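Accompanying notes for the structure given below.
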Amino acid sequence: MNRGSAFTGLNEILQEAERLNPAGSLKLSDSIVSAIYGRAERIAQKAVSQEARPAVDWDKRLDDILTSKLFGFPSMFLLLAALFWVTVSGANYPSEVLAAVLFRGQEKLAELLAWLRVPAFVSSFLADGVYRCLAWVVSVMLPPMAIFFPCFALLEDLGYLPRVAFNLDSLFKKAGAHGKQSLTMSMGLGCNAAGVISCRIIESPRERLIAVLTNNFVPCNGRFPTLIALAGLLATGAGASAGAALIVSGMVLSGIAVTLAVSWILSKTLLKGIPSSFTLELPPYRRPQLGRVIARSVFDRILFVLRRAACVAAPAGAVIWLAANVQAGGASIMAHFAGWLDPFGRLLGMDGHIMAAFLLGLPANEIVLPVLIMSYTAAGSMLELDSFEALRQLFMAEHGWTWLTAVCMMLFSLLHYPCGTTLWTIYKETNSFKWAILSALIPLLVACLVCFAAARAARLLGWA
Amino acid sequence: MGLTRRSGGSRAMQEGFLKRQYSGADYVVALAGNPNTGKSTVFNALTGLNQHTGNWPGKTVLRAEGRYIHRGMIFKLVDLPGTYSLMANSPEEQVARDYLCFGKPDATVVVADATCLERNLNLVLQVLEITTRVVVCVNLVDEARRKKIKIDFQLLAAELGVPVVPAAARHRHGLDKLVEVVSEMAAGRITTRPVAIRYGEEIEESVRKLEPKIKKLVGEEFNSRWLALRLLDKDRAVLAALENWLAGRNSLAAGMEGVILG
């Protein structure tokens with residue numbers, strides 16, 4: 001037996017098949033499909049019986065509201081806003097407790113290092129650099145994540161997410177994109193890298209690329225807490241949580257609007273074509289498995305945040321501390337860098353420190369805020385940052401932030417390039433450097449344009 | 001969507017790094033089913049944390065494998081992508097179909113949704129065309145009961161010619177029975193009698209002519225009737241898989257010859 005004879009056998013069979021079924025004249029698929037469907041129908045008729053239909057079909061009633069033309073979008077927005085409100089108001093307290101505990105840990109660490117007679121330079125490097133950045137990431141990131149994602153997972157378990165896709169389908173169609181993009185978009189809320197991978201559910205390569213390139217316009221894990229913290233700066237007084245929740249919802253909506261706009265532009269320019277159609281099944285609503293979903297997704301979030309904190313935030317803290325403390329020509333490297341970026345930052349409604357923080361935050365968006373704080377505090381006085389008040393004091397009072405600075409930073413955070421992991425994932429998924437680079441450049445361009453326009457408009461109108 | 005578990009969680013980035021982890025399993029069980037039938041719930045309930053994900057070779061389709069132990073035997077559970085049919089219209093359908101034929105699992109569980117059984121039976125019947133070592137798990141019976149849908153499981157099993165296990169996987173109802181039946185099926189202690197679907201005389205005639213030739217080529221390895229139908233349809237994917245298998249067998253045979261001669 002050799003290789004040749006086996007393939008001869010196969011070739012003979014193929015020739016025979018061609019003779020028996022010349023040019024598909026047997027209509028094989030059609031008769032197979034109809035035979036199988038007929039059989040399934042007969043079996044189901046015999047084995048399944050439906051006693052009197054239930055009086056009220058709750059699924060249908062609910063769908064009539066949640067996916068209707070009139071109430072579909074308002075109900076979606078309300079749910080989103082409610083979700084953020086729960087997150088913002090729920091995250092405040094644990095965030096402060098965590099910060100208090102972790103920053104006390106920093107003191108203890110400093111004491112321990114002093115007791116060990118570690119040189120001041122090294123001690124400061126470890127305590128103020130590595131540890132502080134890690135503590136910031138954990139205390140700022142963890143509570144919102146541990147609240148938002150279980151709630152979101154509950155909505156998913158309930159069967160609501162396919163309805164979101166259903167509602168948004170027509171919008172994506174109009175933008176020349178695929179309806180399933182709304183699903184990859186909601187996946188991006190969790191993590192843009194996961195969102196990019198989930199774009200595989202879109203069969204057509206053109207629409208998949210659109211979905212990949214626009215996935216970062218929904219804020220991920222790492223940018224959510226930044227948005228929440230900045231919204232917290234803007235909203236004060238009695239309805240602070242509700243105000244912050246509305247601001248964050250507004251940001252997410254703007255992200256969706258930009259997604260649609262960029263998708264539309266892409267489908268008219270780089271990626272021309274007509275959207276393909278697909279069938280989307282609306283599964284029945286199901287009572288969520290409360291305990292399991294919450295336990296599982298809280299656990300997942302904690303692991304995720306801690307792992308990112310350890311892998312990215314700690315080394316980043318080290319680098320940034322060095323940049324902020326190594327002096328060159330009378331000022332730190334960080335100050336030089338920030339000073340160099342300052343004119344550009346001002347143009348976009350921000351300042352050089354913020355731009356530097358975004359640039360250094362490329363490995364992971366989680367560290368943008370910690371980098372900024374470190375870059376600010378290293379230059380001036382050190383203070384305990386264990387509450388929103390302290391943050392407000394630092395940003396607003398000491399570094400001349402206005403509401404416009406906060407808004408522009410939120411917009412930039414929402415729209416700028418995705419993190420390094422996501423870019424790498426895009427490269428792996430598309431197998432092309434071109435698309436990976438474009439997926440960083442397009443959002444960057446959009447972010448710069450939007451921030452520039454916002455800053456210009458506000459200044460011209462005399463609002464800021 | 002699975003934002004709750006693998007896709008959005010701490011394991012999201014491990015995707016693609018882990019290939020098949022366990023080779024030392026006593027039996028391999030494939031898990032098929034339509035989307036939204038609770039297939040993943042069954043998979044998670046059976047395998048717990050013993051799960052690994054990766055990609056199907058050459059495809060960007062998620063492959064999940066898990067393992068459970070029953071009566072001292074290790075069962076490897078392969079979660080096939082959720083599909084409505086096996087007509088190979090999408091990469092998912094092709095992966096599921098090729099695995100059922102060429103992966104030769106010891107048993108295949110098809111999870112069906114009790115609330116819309118007819119549509120789910122289409123997939124069951126298509127799976128039965130490829131392999132007869134099938135256990136049908138009719139899931140979501142609690143929901144069907146709520147909707148006042150009554151199913152005669154005995155009649156269903158008789159019609160299909162394979163065991164049928166009712167289940168409510170979310171509450172772990174029926175899973176013990178499923179595991180039991182699967183292990184009997186995998187060990188070959190259950191005889192199945194599915195009635196092959198007949199397709200018009202012209203097609204049957206062609207299959208009768210083609211089938212013996214295929215049997216001669218591949219022996220009793222695969223379902224020759226199904227292969228005959230697929231080759232009659234000039235299915236490129238099946239042809240490629242078959243060529244691949246033949247090449248593998250030949251190189252193995254060549255290796256053996258060397259041993260004997262040497």
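Quick reminder: no glycine exception, Cβ is built from N, Cα and C everywhere.
Where the annotation comes from TrEMBL, it is an automatic prediction and has not been curated.
According to TrEMBL, the transmembrane segment annotation covers A:70-88 (among others).
Sequence-distant contacts of the transmembrane segment (A:134-155) (same chain, at least 6 residues past either end, Cβ-Cβ under 8 Å): 79, 83-84, 86-88, 90-92, 94-95, 98-99, 102-103, 105-106, 161, 189-190, 221-222, 224-226, 228-229, 288, 290, 293-294, 296-298, 300-302, 304-306, 308-310, 313-314, 317, 366-367, 369-370, 373, 385. Residues annotated as transmembrane segment in TrEMBL: A:134-155 (among others).
Residues or ranges marked as domain 'Nucleoside transporter/FeoB GTPase Gate' by TrEMBL: A:139-232 (among others). Summed and averaged per residue, pLDDT over the domain 'Nucleoside transporter/FeoB GTPase Gate' (A:139-232) gives 84.
Residues annotated as transmembrane segment in TrEMBL: A:242-266 (among others).
What TrEMBL lists as domain 'Ferrous iron transport protein B C-terminal' is A:250-296.
TrEMBL lists A:307-432 (among others) with the feature domain 'Nucleoside transporter/FeoB GTPase Gate'.
What TrEMBL records for A:309-334 (among others) is transmembrane segment. Sequence-remote contacts of a segment are chain residues at least 6 beyond its ends whose Cβ falls under 8 Å from one of its Cβ atoms, and for the transmembrane segment (A:309-334) they are 124-125, 128-134, 136-138, 141, 356, 360, 363-364, 366-367, 370-371, 374-375, 378-379.
The transmembrane segment annotation in TrEMBL covers A:354-379 (among others).
Marked as transmembrane segment by TrEMBL: A:400-427 (among others).
The transmembrane segment annotation in TrEMBL covers A:433-455 (among others).
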